Amino acid sequence: MRLSSLVRPAAQQVVDVVTDQRERRGLIIELVIVGILTFGFSAISAILSLIELQLTSGVGNATVALNPSQSTVGAIDFLRQLMSAIRLYAIAALGTYLLWRGGVILGRVGLGRIRTPDLPPGLLLAAVIGLPGLGLVAAARALGINAHLIPSEPGPWWHWALYILLAIGNAAAEEIVVVAYFITRLRQLGLSENGSLAASAILRGGYHLYQGVGAGIGNVVMGVIFGRYYQLTNRVWPLVIAHAVIDVVAFVGYALLHNHLSWVG
């Protein structure tokens, strides 16, 4: 693959550009609604949190808990955590449904059945993003531009099962909506590949700013790599696999090995 195809990929031929003005308005309205209901509000809230922290104690002195307990009552905590996971899967389903309902052939935009060949590139992408990501987090903490990460709380066995369920849900929601759905809709509106890539990556970085500037920058980079991979291959499941592996390590691995990884958070 030539470098030029990575920097300036050829125009996509997966979906047709919508030219009817009424249909275009409908797509724009749908994009705004989906963006607000899924990750747009999260991005705005994260930006406000970052500004608030910077104006008060400073980002470097803040703490962010990974999957904190949502109740002191075990059964209520379980149900609330389960509801959070279900919401993530519903977000992924919403993006998929809207594309299908709009006449998009799901297999052509990477939302067909998951296949065994999706696993190797997924694991490779997890390593490409995850390993340098540890160094970025540590550097951001040292520079005081990232919050201190509090690992997931230990507890009964179902905590670990829920953490894995949440990790997969995060991966499905973010990659299907922020990558597959948004890039496909922006392609239908005639936006260039680089333009749709930038929009997707900035959105991803925006809703991670609650962890600090370093997390935002790191997720923009992740968004560029994942988004370009999707644009070149039209395969989303390797991204879901990669993201799920990264989040399982963050939710479960970091909790189990926190004493040996104190330099990270």
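Placed from the backbone N, Cα and C atoms, the Cβ positions cover glycine too.
Since we're looking at a predicted model, the values are computed, not measured.
What TrEMBL records for this protein:
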DOMAIN    156-249  domain 'CAAX prenyl protease 2/Lysostaphin resistance protein A-like'
TRANSMEM  27-51  transmembrane segment
TRANSMEM  88-111  transmembrane segment
TRANSMEM  123-145  transmembrane segment
TRANSMEM  157-183  transmembrane segment
TRANSMEM  236-257  transmembrane segment
### Task
Mind pulling out the one from 27-51, 88-111, 157-183, 236-257 with the most Cβ pairs under 8 angstroms to the transmembrane segment (123-145)?
236-257
### Summary
For the transmembrane segment (236-257), the distant same-chain contacts (Cβ-Cβ under 8 Å, at least six residues beyond its ends) come to 66-67, 109-111, 114-115, 118-119, 121-126, 129-130, 133, 149, 151-154, 160, 163-164, 166-168, 170-172, 174-176, 179-180, 226, 229-230, 264-265
### Query
In the same chain, who gets a Cβ under 8 Å from the transmembrane segment (27-51) while lying at least 6 residues past its ends?
18, 59, 91, 94-95, 98, 102, 173-174, 177-178, 181-182, 185-186, 188-189, 203-204, 206-210, 212-213, 216
### the domain 'CAAX prenyl protease 2/Lysostaphin resistance protein A-like' (156-249): DSSP-derived helix, strand, coil residue counts
83 helix, 1 strand, 10 coil
